[in-house]
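Step one of this worksheet: look at the structure below.
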């Protein structure tokens with residue numbers, strides 16, 4: 001009940017802001033308009049606002065607008081949720097084991113290199129330095145992964161999805177902050193929206209929502225922030241494999257004295273090539289397969305830590321007293337500040353707990369981290385600190401030197417396996433992040449291979465995989481030292497962390513609506529802490545980590561240019577869409593021959609007839625007997641249930657046999673269906689739409705016969721939505737239709753309707769429905785052809801130089817080399833027909 005109430009409140013709030021101005025004729029002869037004109041007024045009141053008739057009409061304020069898309073969306077029941085609450089104890093333990101292999105591999109391998117980099121930047125001068133650095137590591141682990149991510153950030157998920165784009169879509173659902181102008185009111189009826197509009201009592205939330213929706217600058221800043229965080233995630237996918245593999249292979253130098261740095265680099269390169277080569281086989285069971293290996297690793301880490309505490313110096317436990325951090329900075333002010341970049345590496349992979357949330361429940365990630373991962377990490381670092389207090393000269397390769405000699409080689413093997421697992425999980429997370437950005441129009445289209453039939457989130461992107469390998473090998477060959485790579489690693493991690501902090505703060509203000517003091521405290525503490533760490537890693541940027549900043553900047557420019565060009569292209573198509581007057585003048589044959597079959601005209605418009613359709617009309621000697629304008633649209637939700645996939649509307653009067661279909665997908669949805677399955681689903685949804693339309697017209701006509709006054713007629717054309725809002729039924733879906741084969745009957749002057757007339761009307765309506773359904777079946781049997789418009793954009797001659805450079809060269813290059821829409825559709829070439837068109841922007 002609470003979910004329905006919240007949804008109703010969301011619809012009510014939306015309805016209150018969607019009242020419209022419509023044209024009203026001065027004449028009172030609306031009832032004398034012929035059937036085609038009636039259809040035109042009803043169908044195009046939303047899509048066309050003609051200025052040339054404004055002088056002959058007057059504006060009237062009406063109630064909230066609703067169209068056929070909204071009516072369809074309101075009638076779709078909420079989809080059942082797939083939650084984890086009903087899992088048995090054994091299933092929960094199995095889920096916790098899987099989280100080790102997918103989520104915690106990165107943070108679990110950080111003990112391999114953290115102390116090495118800290119004491120490389122700030123050499124040890126006494127036991128107090130070891131205690132201070134150890135205390136700094138312990139409290140960094142407690143504050144960032146535990147307090148920030150496990151306790152706060154994990155709850156800011158987008159219906160089970162995590163990451164920067166998930167936060168962005170969550171914000172865009174609650175405030176219209178998306179820069180692509182293709183939003184529809186009916187999208188808010190998707191069951192997975194779970195929209196909770198800020199309550200009227202909390203003016204702060206409403207003000208933030210209003211500012212986000214009305215300020216172009218804030219929208220742009222929000223998008224830039226998300227793109228920056230995404231570029232840092234992708235850069236993280238380059239640095240993580242290089243850092244993890246090199247640090248694990250370095251253990252060979254401890255066990256075999258003959259191994260030199262060059263051999264370590266060569267072995268690391270070989271491991272990385274193998275790692276990226278096996279990515280194409282997928283990760284359908286990666287969590288269950290490598291979970292036991294990570295469990296052994298964490299147990300080994302904790303066990304070695306306990307052994308070192310007992311053997312060397314149990315007073316290392318004093319590091320839990322934060323006063324040692326103060327003494328550490330007091331003795332080594334500058335060097336301690338520079339060593340913060342190394343300390344940060346103990347929390348690498350914290351963002352993965354949030355980004356990989358789609359595979360697991362929040363509770364499983366929290367419990368696994370609190371009761372297994374965190375204790376083992378703390379024990380591992382305490383053991384290394386105890387070892388260093390008695391062996392201060394062994395500050396290089398601390399972890400491997402602290403391993404008991406009896407278990408050295410087994411632990412080295414496990415460490416290398418854990419490093420490979422951590423690297424592979426981060427590569428998979430990068431694939432997922434890029435897929436989200438492609439779905440939301442912020443990255444060029446690429447070939448995506450789904451490696452699992454059971455788990456939709458497990459994907460493989462060949463181009464990205466080999467690009468990551470090339471850059472990863474460049475990092476290893478260029479730097480040759482984990483100290484230099486570690487600084488770049490810190491930059492990538494901090495970039496994502498700061499973006500997440502800001503986005504979660506917006507979620508707190510806009511959606512959670514919690515106390516402003518708590519929100520400001522969260523922002524000031526964690527953003528301030530991360531800025532201090534960031535200042536430390538930037539100090540060492542001249543060591544070579546500037547290469548990562550350049551790499552991230554290039555990724556950011558690619559995403560921003562693609563989003564900018566796509567937005568210009570869409571806005572131009574909206575401006576140049578065909579006038580409905582032209583289609584109505586051409587008549588139901590559209591000025592040419594209607595050949596049997598169904599033509600699916602693919603376009604990006606959610607309203608209006610695309611200009612590319614005019615090219616088909618002027619180029620082809622015949623057009624199909626049924627035309628469906630198909631718009632593949634990604635909405636800011638993770639998943640759209642199959643029952644809510646398609647929305648339909650008639651584009652012209654009934655005799656034209658033209659429809660609009662919006663196929664909605666979430667940014668995590670997988671379009672696995674082939675073209676035959678897609679066609680079958682589309683036709684079935686169209687038949688449901690036509691049957692529902694006929695039923696509602698029948699109900700409306702029955703009510704019209706029972707009324708005795710004009711006022712009653714007005715009330716019979718009302719729809720009461722689930723939230724209690726009242727809508728006018730003078731909309732495309734419920735407007736009157738006239739069949740060209742049958743003359744329109746004159747209105748009766750008598751209020752009494754003969755039973756035979758009523759029965760005849762019902763029979764005629766039934767026959768009309770069956771004729772249209774039969775027409776659809778015959779058209780389907782004749783074949784389905786995909787009419788694709790290949791639209792390019794070019795900057796106008798009077799455009800400024802930078803715009804010409806971006807559109808004519810950079811964006812054109814990306815469009816030329818990205819994956820074509822025909823490849824995404826997987827349609828045989830015999831069923832394809834394409835027309836090119838260039839828009840000047």
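Glycine is no exception: its Cβ is also placed from the backbone N, Cα and C atoms.
Taken from TrEMBL, the feature compositional bias 'Acidic residues' covers 44-53.
If you look up TrEMBL, you'll see 95-584 marked as domain 'K+ potassium transporter integral membrane'.
According to TrEMBL, the feature domain 'K+ potassium transporter C-terminal' maps to 596-839. When pLDDT values are averaged over the domain 'K+ potassium transporter C-terminal' (596-839), the model yields 73.
What TrEMBL lists as region 'Disordered' is 1-56.
Residues 84, 87, 145, 240, 243-244, 247-248, 250-251, 283, 286-295, 297-298, 301, 345-350, 352-353, 356, 359-361, 364-365, 367-369, 372-373, 376-377, 380-381, 384, 399, 415, 418-419, 421-426, 428, 482, 486 of the same chain sit 6 or more residues outside the transmembrane segment (93-113) yet have a Cβ under 8 Å from a Cβ within it. Annotation comment: TrEMBL describes 93-113 (among others) as transmembrane segment.
Marked as transmembrane segment by TrEMBL: 133-156 (among others).
Among the features that TrEMBL reports, transmembrane segment is placed at 221-244 (among others).
Annotation comment: TrEMBL describes 264-281 (among others) as transmembrane segment.
Taken from TrEMBL, the feature transmembrane segment covers 288-310 (among others).
Annotation comment: TrEMBL describes 336-355 (among others) as transmembrane segment.
For 367-388 (among others), the entry in TrEMBL reads transmembrane segment.
The annotation transmembrane segment is assigned in TrEMBL to 408-434 (among others).
Annotated transmembrane segment per TrEMBL: 455-477 (among others), in sequence order.
TrEMBL lists 489-511 (among others) with the feature transmembrane segment.
Among the features that TrEMBL reports, transmembrane segment is placed at 518-539 (among others).
Summarising the annotation, TrEMBL assigns transmembrane segment to 545-562 (among others).
Remote same-chain residues near the transmembrane segment (336-355) are listed as 103-108, 110-111, 113-122, 132-133, 136-137, 140-141, 144-145, 148-150, 153-154, 157, 162-163, 233, 236, 240, 243, 328-329, 365, 369, 377, 381, 422, 425-426, 429, 432-433, 486-487, 489-490, 493-494, 496-497, 500, 532-533, 535-537, 539-540 (criterion: CB distance under 8 Å, separation of at least six residues from the stretch ends).
The stretch in closest packing with the transmembrane segment (455-477), judged by the count of Cβ pairs under 8 Å and taken from 264-281, 288-310, 408-434, 489-511, 545-562, is 264-281. Between the transmembrane segment (489-511) and the stretches 264-281, 408-434, 518-539, the greatest number of Cβ pairs separated by less than 8 Å involves 518-539. Here the transmembrane segment (288-310) lies next to the transmembrane segment (408-434) in space: the count of CB pairs under 8 Å, restricted to residues six or more apart, reaches at least 3. At the 8 Å Cβ threshold, with sequence separation of at least 6, the transmembrane segment (518-539) comes into contact with the transmembrane segment (133-156) through 3 or more pairs. Most Cβ pairs under 8 Å with the transmembrane segment (133-156) belong to 367-388, among the candidate stretches 221-244, 264-281, 367-388, 408-434, 545-562.
Same-chain residues lying 6+ beyond the ends of the transmembrane segment (545-562) with a Cβ under 8 Å from its Cβ atoms: 224, 227-228, 230-232, 234-235, 238-239, 437, 441-444, 471, 475, 478, 484, 487-488, 490-492, 495, 537, 806, 810-811, 814.
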